[in-house]
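Single-structure report; data block below.
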Amino acid sequence: MTRSISISVLIISVLIMIYVITRTSISNAYPIFAQQGYENPREATGRIVCANCHLANKPVDIEVPQAVLPNTVFEAVVRIPYDMQLKQVLANGKRGGLNVGAVLILPEGFELAPPDRISPEMKEKMGNLSFQNYRPTKRNILVIGPVPGQKYSEIVFPILSPDPATKKEVHFLKYPIYVGGNRGRGQIYPDGSKSNNTVYNATGAGLVSKIVRKEKGGYEITIADASDGHQAVDIIPPGPELLVSEGEYIKLDQPLTSNPNVGGFGQGDAEIVLQDPLRVQGLLFFLASVILAQIFLVLKKKQFEKVQLAEMNF
């Protein structure tokens, strides 16, 4: 009897552990929605696929150095601005703070800097962020999030530039960098279904004959077609505010709820030059030559003026 109880307790413990691990992986899977559905986050049109779920258009900004030398670590700063006072609708229908996330698409050869190459000052700017590659084979595409927007509306990516001496496919050129950044939850899930962070429209026209408030939040709205009496039931999840009432006549696709979304997605780009050190040295040598030539010219002119003055006095 004791043995069977011990086995039962062990099985229950294992099941609980599996549940916790599964729930954790699901909650952490949000940043990789795009990774699961798209081989490349940037479409041929230039659109970043995050816009398929985050429908509202919002600004995003990226700041990188104008030029970098090979095999050096630099900062790519992504800013995702929004009103910190705003609250979004959470999955349970309650209100909470906004999260942010970003995808950074670097040129081939550029990648996340290893921890031992990141300076203490840069680590302090990064905070406790954990970046990941979009794919194991796409080390030049980085993703982060969701992370609290109150703390990380400015995200510092530590980037290592490539060295053409060791990577033959890399050249000393000007390269584009693309970024996408979102604040708040999306309106559509990757499977195409709506989240509770969007507006819900009527699936039919007619009389709102009944509205039932569900125990866990949300509504069931029954719409009776005036022509044939056919009834359609629209399910509204908890979160959006209801705009219609019983006895009201509505049209097809008329909004049944408000739009609770306060976030959105934006994308931008920047350019960076992978600079050849020999070119820099050549430029410095040229500038030094010009300066020396100017100095010698001034000295020669003064010497000539002294000679002229001496001849005049003579």
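Going from the start of the chain as shown, residues are counted 1 onward.
Glycine too: its Cβ is placed from the backbone N, Cα and C atoms.
So that you can see what the record holds, here are the features copied from Swiss-Prot:
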{"type": "BINDING", "residues": "Tyr30, Cys50, Cys53, His54", "note": "heme binding site"}
{"type": "SIGNAL", "residues": "1-29", "note": "signal peptide"}
{"type": "TRANSMEM", "residues": "280-300", "note": "transmembrane segment"}
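Long-range Cβ proximity for His54 (heme binding site), meaning a same-chain Cβ under 8 A and a gap of 6 or more residues, is found for Asn182, Gly184, Gly186, Gln187, Gly263, Gly264, Phe265. When Cβ neighbours within 10 Å are tallied across all protein chains shown, the highest count among the binding-site residues Cys50, Cys53 belongs to Cys50. In the three-state DSSP scheme, Cys53 (heme binding site) is classed as coil.
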